[in-house]
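As C-alpha cells, the structure follows; a few thoughts come after it.
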Amino acid sequence: MGCTLSAEDKAAVERSKMIDRNLREDGEKAAREVKLLLLGAGESGKSTIVKQMKIIHEAGYSEEECKQYKAVVYSNTIQSIIAIIRAMGRLKIDFGDAARADDARQLFVLAGAAEEGFMTAELAGVIKRLWKDSGVQACFNRSREYQLNDSAAYYLNDLDRIAQPNYIPTQQDVLRTRVKTTGIVETHFTFKDLHFKMFDVGGQRSERKKWIHCFEGVTAIIFCVALSDYDLVLAEDEEMNRMHESMKLFDSICNNKWFTDTSIILFLNKKDLFEEKIKKSPLTICYPEYAGSNTYEEAAAYIQCQFEDLNKRKDTKEIYTHFTCATDTKNVQFVFDAVTDVIIKNNLKDCGLF
C-alpha cells in the first residue's frame, strides 16, 4: 500500500513551507535594509551629504521646499558679514574706505530690524559695499582666526542674485545653507535595490550623547572629516584644534567594540576648500612634525594616513577612504555608488543574494 499523507499532515507540510518562505523573505528583506550612521565633528558636512541623497536618490527639492530655505540663505549671508565685521574689531583691521564704518553701523541696525525671509534693497546695498571693501576682504582672508561659515563667500559674491525680490534658492543654494543639526535626522531612500535608512547626528560635543541609541544594527558608518579644518579651532572650545578633535572622535568610533563588524567609510570632505587653503596656510599648524610640501596631493595623503593609522585592527578591519566635496552632486553621486558596492560586498554576501 502506498504511503499517503493525511489531510492534516498535508496542512502541516504546507504550514512548514509557508514558515520557511516567510523566514526567507524576512531574511531577504533584512538583507536589503541598510542602516547608515553619519558621524563626525560639527560642520564636517554630514547634513550636506543627507541633502545630496535627497537630490540624487529622490526628486530633489521642489520649488516650494526651496522657497522655505530663503530665510536660511538670508540669515547665513547676514550672519557671515556680521562675523567678519566683528572680527575686524578684534583683529584691529581698518576699513579700506573710512565711509564703510557708517555702513557697518547701519548693517547692525538693518539686520536687527530685518523681517525673516526678506532682504531690503537698503540692507543688500550696505552688505554689497562692505563686502567689496579691501579691509573686509583682508579680514575675510584671515577667517581661520575666528568662526565663519564655509558658505560666506558663496552667498556674498552672489548678492545681486539672492537679493532679488523674486529670488528662489537653487538646489546649490540649499546645499550651501548651514543650520546646526540638533538631535537626529533620519532619511530613507532606495538605491540598487537596497532600502537605506540614513541617520545624521549632530556633531557638536553637546549633541554626541544622543548618538548611542542609533548604534544597534548599523550596517556602515560614514565618518565625515572636514579637511579644511586643519588650521581651525572648535566653536565650542577655542583651545582645541578641529582636526585633532576629529581624530579623537574617529579613534573612539573606529576602535569601538560596538563596531567590530561594521564597515567604516571615511569621507575626507571639503577637498575644494582644502586645496585652496593649503596654498597659504601650512599643514604644520596642525601637524608640527609634517615635513612634506604644502601641495594638495601630499598634504591630503598625510591626513589620510593620520586617520587610517588610528585603526587598531588593521589586519581584520579595513577603512574605506574617499576624498569628497559634499556640495558637488556629481562627486557625491560617484562616491556613494562606490560606497554602496562596498556595503553590498561586505554585508550582503553572507545571505547568498548577490
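The backbone N, Cα and C atoms fix where each Cβ goes, and this holds for glycine too.
Annotated features, as they stand in Swiss-Prot:
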| type | residues | note |
| --- | --- | --- |
| BINDING | 43-48, 150-151, 175-178, 200-204, 269-272, Ala326 | GTP binding site |
| DOMAIN | 32-354 | domain 'G-alpha' |
| LIPID | Gly2 | N-myristoyl glycine |
| LIPID | Cys3 | S-palmitoyl cysteine |
| REGION | 35-48 | region 'G1 motif' |
| REGION | 173-181 | region 'G2 motif' |
| REGION | 196-205 | region 'G3 motif' |
| REGION | 265-272 | region 'G4 motif' |
| REGION | 324-329 | region 'G5 motif' |
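Only residues 6 or more beyond the boundaries of the region 'G5 motif' (324-329), in the same chain, are considered here, and those with a CB under 8 A from a CB of the stretch are 45, 48-49, 52, 55-56, 171-172, 175-176, 224, 267-272, 335. Residue counts for the region 'G4 motif' (265-272) under DSSP (helix as H, G, I; strand as E, B; rest coil) come to 2 helix, 5 strand, 1 coil. Taking Cβ-Cβ distances under 8 Å and a sequence gap of 6 or more within the same chain, the neighbours of Arg176 (GTP binding site) are Val73, Asn76, Asp150, Ser151, Tyr154, Tyr155, Thr327. Neighbour counts were taken as the number of other C-beta atoms within 10 angstroms of each residue's C-beta; across the binding-site residues Glu43, Asp150, Asp200, the minimum falls on Asp150.
According to DSSP, Asp150 (GTP binding site) is assigned to coil rather than to any helix or strand. Counting every protein chain shown, the number of other Cβ atoms lying within 10 Å of the Cβ of Ala326 (GTP binding site) is 26. For Lys270 (GTP binding site), the same-chain residues that are 6 or more apart in sequence and have a Cβ closer than 8 Å to its Cβ are Ser44, Gly45, Asp150, Ala226, Leu227, Ser228, Asp229, Cys325, Ala326. Reduced to three states, the DSSP call for Ala326 (GTP binding site) is coil. Over all protein chains present, the Cβ of Lys46 (GTP binding site) has 27 other Cβ atoms lying within 10 Å.
Here the region 'G2 motif' (173-181) returns a mean pLDDT of 92 for the predicted model.
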